[in-house]
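Lifted from TrEMBL, the feature list:
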| type | residues | note |
| --- | --- | --- |
| BINDING | Gly95, Gln96, Thr97, Gly98, Thr99, Gly100, Lys101, Thr102 | ATP binding site |
| COILED | 450-502 | coiled coil |
| COMPBIAS | 377-390 | compositional bias 'Basic residues' |
| DOMAIN | 9-339 | domain 'Kinesin motor' |
Amino acid sequence: MSIGKKSEAVKVVVRCRPLNKKEETMNQERIVEVDVRLGQVSVRNPKSSGSLLKTFTFDAVYDAGSKQNELYDCACKPLIDSVLLGFNGTIFAYGQTGTGKTYTMEGVPTDPEKKGVIPNSFQHIFTHISRSQNQQYLVRVSYIEIYQEEIRDLLCKDNNKKLELKENAELGVYVKDLSSVVTKNIKEIEHVMNLGNQSRSVGFTKMNERSSRSHAIFVITIECSEMGIDGEDHIRVGKLNMVDLAGSERQSKTGVQGQRFKEATKINLSLSALGNVISALVDGKSTHVPYRDSKLTRLLQDSLGGNSKTVMVATVGPASCHYEETLTTLRYANRAKNIRNKPKINEDPKDALLREFQEEIARLKAQLEERGMLAKERRRRRRNSMRMKRSMSSGEVETQRDGELGVVETVQEETVEDYWWKQQMAKTSANYKPDISRKLGTVDEKAKSVEELLKEQQAMEILIEKYKAMESKLLVGGKNIIDHTNEQQKMLELKRQEIAEQ
């Protein structure tokens, strides 16, 4: 059990690149309109001048003039912060070949303004680690690609070796024998990524000189050790997947043949499987989600409908010659934003229980504060009642000074909290059982109900009214007695004078 139990939707953003030199030379018409303020992308059919615009709304959209930092700060930075807290996170780029997926994910690492999502995340992670206190971090990275439905380790010397996918209850889906490299700073992690990029499968097509012929997944695992209030270290693990998908393409446009044609076929099959998974997740009627139809969808199983926070960046081109591909990408992304994941912090079950203890303590502390206010009010009323009783029994009237509340005992919240915590930690260390019901008795069983308190308050108000009435009577009666006594004294004085004269 942990926090983050509520589901949340996949965040989808769309980026439209500018016209490239080839499209400008061919005098291609711009058919895509981007409204950054409303988060909308509109597409016009170039073959039908009178047709209506097809408009799609997303979490955010970026036009041709957008900068790399703008996209990262808005779409990706909050997700990286969540990974540092122990959540799983996935960022993946989807779109047609040549629309800027690799530029968005990697950019130009040597140019600070053109750095993509992956280099910016490196700086974000290690800056956070350098500023943290009382925490220890371990950062491990892996780099794989899926080439023609085979998994390759890009950080292994023999990167032609085919790796297998495995699954178990604790780790979920994972790659067997995948190498992992520990990195301590930005330079080391950038060096690891550059080594992996040298082994990636790229090739020339008519749409892109260096077209990605594989799906690449850069995995960063961040382990954090922090001392808890019990004096012991507690560990949480965040896992970040950054996926640069190969572009969807039509063989007639790319002009691929032979080996490139086989690569394109496998790419399209895996992207088709990804589309089927998305459709099944948002359909609401499907009882089966076809994760096993491709290795890409199996690796992204947690990212789509599972334990992960996910951001999808869909890239499109504005030229009229790519109308069908652009429309397909936008429809694809529009379905994906309806997927709901259930992310939670990855931590030891014992740590999760301690987190629940802390939440329970906070809740009980709030209740104790509320009870303390009620107890203070009851004591004040009880003290007033005792004063009234003494006044009635002695015949003296005692009035309460303005603003006087009397001495009120303080509710010992800290003492109760400390005692309860020590008891619970002793039980947990001796024999951990996840039954939370053993932690504490119900507070309602130990205190009066609110209804009883209200009745008590009403009765006290009636008593106070009687007290006030009795007070006025005593005052009037006291005055009459004094007047009568004065008259008797005067009569006695007159008799003394008469006797003296005689």
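Glycine too: its Cβ is placed from the backbone N, Cα and C atoms.
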What is the pLDDT of the coiled coil (450-502) when averaged and given as a whole number?
59
Please count the residues of the compositional bias 'Basic residues' (377-390) that DSSP assigns to helix (H, G, I), strand (E, B) and coil.
14 helix, 0 strand, 0 coil
Among the binding-site residues listed here, Gly98, Gly100, which has the most company in the form of other Cβ atoms within 10 Å of its Cβ?
Gly98
Other than its own, how many Cβ atoms are within 10 Å of the Cβ belonging to Thr102 (ATP binding site)?
24
Let me know how many other Cβ atoms fall within 10 Å of the Cβ of Thr99 (ATP binding site).
27
Long-range same-chain neighbours of Gly95 (ATP binding site), Cβ under 8 Å, sequence gap at least 6?
Lys101, Gly247, Ser248, Ala314, Thr315, Val316, Thr329
